Amino acid sequence: MKRIGVLTSGGDSPGMNAAIRAVVRKAIYHDIEVYGIYHGYAGLISGHIEKLELGSVGDIIHRGGTKLYTARCPEFKDPAVREKGIEQLKKHGIEGLVVIGGDGSYQGAKKLTEQGFPCVGVPGTIDNDIPGTDFTIGFDTALNTVIDAIDKIRDTATSHERTYVIEVMGRHAGDIALWAGLADGAETILIPEAEYDMDDVIARLKRGSERGKKHSIIVVAEGVGSAIDIGKKIEEATNFDTRVTVLGHVQRGGSPSAQDRVLASRLGARAVELLMEGKGGRCVGIQNNKLVDHDIIEALAQKHVIDIDMYQLSKELSI
């Protein structure tokens with residue numbers, strides 16, 4: 001393989017630039033040319049493709065976002081549209097493609113693979129919801145952003161003796177809420193993977209108040225439902241002074257953590273190795289701190305599973 005492409009797709013995550021850098025430098029080290037595809041699958045279809053050199057990826061390892069930009073491209077679900085993308089790849093002499101992104105990006109890579117073009121998926125999403133890897137690129141940075149925000153909110157919650165409901169990202173996965181809530185000692189953590197009883201949440205808050213607790217933190221993954229509605233129910237049932245904070249897109253930005261930079265570098269380089277070995281249709285990951293790769297079709301057939309033991313621990317420690 002003499003020429004490969006790389007793109008980022010879907011929601012951005014801190015560390016994507018480190019992954020791009022690793023792909024480019026690993027490939028060039030092995031005398032393989034690299035072409036960057038801008039704006040994800042949309043750029044692939046339109047032919048927004050440029051050759052990347054060593055200097056193209058200088059001074060980006062510490063930067064959030066993605067140098068290649070990103071976009072969502074629902075029309076890529078159409079086989080005829082994907083064929084246009086494959087034609088663009090062949091036009092530029094590209095023989096393999098590294099796709100950095102989340103579940104939707106993997107779906108695109110899977111479809112390209114099924115249409116005969118070799119792709120390798122690299123997990124880049126703050127949600128940490130990609131099967132086949134313990135951690136995704138961007139999760140650690142987003143987690144630390146959330147923890148920093150909750151630390152600050154707890155300061156004001158303590159000062160004003162308030163209850164705060166804090167909504168974090170995670171439409172289908174509660175990893176950010178669970179890890180941040182546990183790390184910050186949240187009184188309650190609500191995630192999409194676990195049912196909850198609002199009466200139980202209220203009862204726990206009241207028990208805390210009865211033993212002298214003056215403030216509380218509830219961390220809610222967005223997939224659970226409206227944090228505003230939850231806050232209203234709490235205030236109506238308890239008369240506690242309650243505030244709601246939705247952290248939003250601040251979770252996606254910022255300089256990637258050391259862990260995300262290293263993870264992205266390892267995964268990006270491994271993706272290139274797989275293409276060099278002629279192994280398309282794979283996705284890379286890390287499990288027990290060891291690099292792994294899986295069939296991308298089989299990986300997508302699996303479901304991300306929350307750490308139930310950790311969730312139970314959070315409940316036991318927040319009595």
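The backbone N, Cα and C atoms fix where each Cβ goes, glycine too.
Record check, Swiss-Prot: ADP site residues include Arg21, Ala22, Val23, Val24, Arg25, Gly185, Ala186, Glu187, Arg211, Lys213, Lys214, His215, and the candidate from Arg154, Arg243, Arg252 also listed there is Arg154. ATP is bound by Arg72, Cys73, Gly102, Asp103, Gly104, Ser105 in Swiss-Prot, and the record lists one more residue there from Gly11, Gly15, Gly36, which is Gly11.
Among the candidates Arg162, Arg261, the residue that Swiss-Prot annotates alongside Thr125, Ile126, Asp127, Met169, Gly170, Arg171, Glu222, Arg243, His249, Val250, Gln251, Arg252 as binding substrate is Arg162. DSSP assigns Arg243 (substrate binding site) to a strand segment in the three-state reduction. The binding residues for substrate are recorded as Thr125, Ile126, Asp127, Arg162, Met169, Gly170, Arg171, Glu222, Arg243, His249, Val250, Gln251, Arg252; their greatest pairwise CA distance is 33 Å. Put simply, Gly11 (ATP binding site) is 13 Å from Val250 (substrate binding site) when counted between their Cα atoms.
The binding-site residues close to Gly102 (ATP binding site), defined as a CA atom within 10 A of its CA, are Thr125, Asp127 out of Arg25, Thr125, Asp127, Gly185, Arg243.
Of all the binding-site residues listed here (Val23, Cys73, Met169, Val250), it is Val250 whose C-beta has the fewest other C-beta atoms within 10 angstroms.
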